[in-house]
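As given in TrEMBL:
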BINDING   211, 495, 537, 567  Mn(2+) binding site
BINDING   250, 409, 410, 432, 463  phosphoenolpyruvate binding site
COMPBIAS  128-142  compositional bias 'Low complexity'
REGION    115-142  region 'Disordered'
């Protein structure tokens, strides 16, 4: 029954003042009848979608009542703000309130249209509470403190290696500071744009790659095969969801790994734990396990070379849709997933043939190239600082070691060094979240890392296990919704499902991974929010590290091709099988949305 601009678009566009007057008073009347609190309303001009036709509030995709802040509901179309990389505050500054309505001094959080509304309207604060709040001395929070490139050094830093020679480390870091950036700021901004679309359910993030990259396995074929599987998965997801797929690799920099114990003991010998090839070696001897700063130089070189090859694959014709039939890996050819993919590829070929017959060009770059971004965990802070550059076009700092960085479960302390470093860089950021995350803490870390509430800036990567997902995730979604925070929700079904096989090897059951993905989609459907993507540890190699899948890998098979340096990964067949499962869920959501 609440009136909105969508229902009044039949009025002349030039009589805006009268329209706003009617809207304000009709809403006040409605709230009086139903004994609801009378909030001050701000009226905005209707967007183009509503200027030429009468749209019912129930069917308008830009229904402003899908997201109202408790303190001050706004009668405008907040979803428009999410279609840019500007913050909602910036969007509101482009559409100021009409002068015929007095401005209110009530503070409010920018709102989003990402989530469904809460079922109840919270009561406004009492005058006594408001007076107390207004006279209280503001506390200087982390997000308001001055940030510097090295301000993280004043905070507690976990999971950093201890180098025996600090002078050698400083020398290496100075060398890295003089090296060219691996990625560019404009590329990171483009990724942020796309992630903002994923927050709205208009795109889907596919993020995958190695648990930890290795110096030993660095070769062109290895990079190509992983890239090829990501292309296959992207085609499957795009076909099922009928939406763009944002392809981001855990590649070109994913070396460092956090450890639960700083030391490892074997046969009475205690040595530093293996922390990734950019820190130390995995061989169990003192020389290999001693952190070596020179490994940072090698990690930089390998990252740059990997990204160079990925760029060539993405833009040199290898990723062309006309090659969709050639992306199948040899060992998946005769599998169920290979057959399903071949059927999909044939449909794509037929569509391309139709386009060519109709005179539509299929040689345009949009058909022959793809966008591909890189990502890794922001763990080794001295290395990340050495590759952070001031962008001359925006005046902002970007960590140029990757387009996208995330803070892990072990290093996301609100007052920690990693959060301090990340809050000052402008890259899109991820936050790994387990079932241990408190909703209030999640609100706080989002506030610290994204004080402007910028779409695409924050991606929440949940890693909980299927049952925990169904219990814990709804509370996190509701907390973010109540705070009006804009995030992209992504599932990591790998880390919450690690078990130990009878042989002692770590593994992950495919059934548990699939169950967590399904739980992720179920919860978002229940909460009215958008499942924005999936984050996987996977490889293009025919490894036997995760058990299960249609081409069943058993406990007995684990030892045959168990090559990971850290955690078990999906092989290409398992990754493609999971992509078909996700694509089916995206297809069902698309059909349901069309019916509604």
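Glycine too: its Cβ is placed from the backbone N, Cα and C atoms.
Any TrEMBL annotation is an automated prediction that lacks curation.
Because the structure is a prediction, the values reported are computed rather than measured.
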Restricting to the chain of residue 250 (phosphoenolpyruvate binding site) and a gap of 6 or more, list residues whose Cβ falls under 8 Å of its Cβ, or answer none.
207, 208, 209, 210, 211, 375, 376, 537
What other residues of this chain sit with their CB within 8 A of the center of the CB atoms of 211, 495, 537, 567, the recorded Mn(2+) site?
494, 498, 508, 566, 568, 569
Far apart in sequence but close in space: which same-chain residues, 6 or more away, have a Cβ under 8 Å from residue 409 (phosphoenolpyruvate binding site)?
432, 433, 434, 436, 463, 495
C-alpha spacing of residue 410 (phosphoenolpyruvate binding site) relative to residue 567 (Mn(2+) binding site), in angstrom:
16
In Å, how large is the greatest distance between any two Cα atoms among 250, 409, 410, 432, 463, the listed binders of phosphoenolpyruvate?
18
Counting across all protein chains shown, how many other Cβ atoms sit within 10 Å of the Cβ of residue 432 (phosphoenolpyruvate binding site)?
22
Have a look around residue 495 (Mn(2+) binding site) and count the other CB atoms within 10 A of its CB, chains all included.
21
Would you please pick out, from the binding-site residues 410, 463, the one with the fewest other Cβ atoms within 10 Å of its Cβ?
410
DSSP state at residue 495 (Mn(2+) binding site), helix/strand/coil
helix
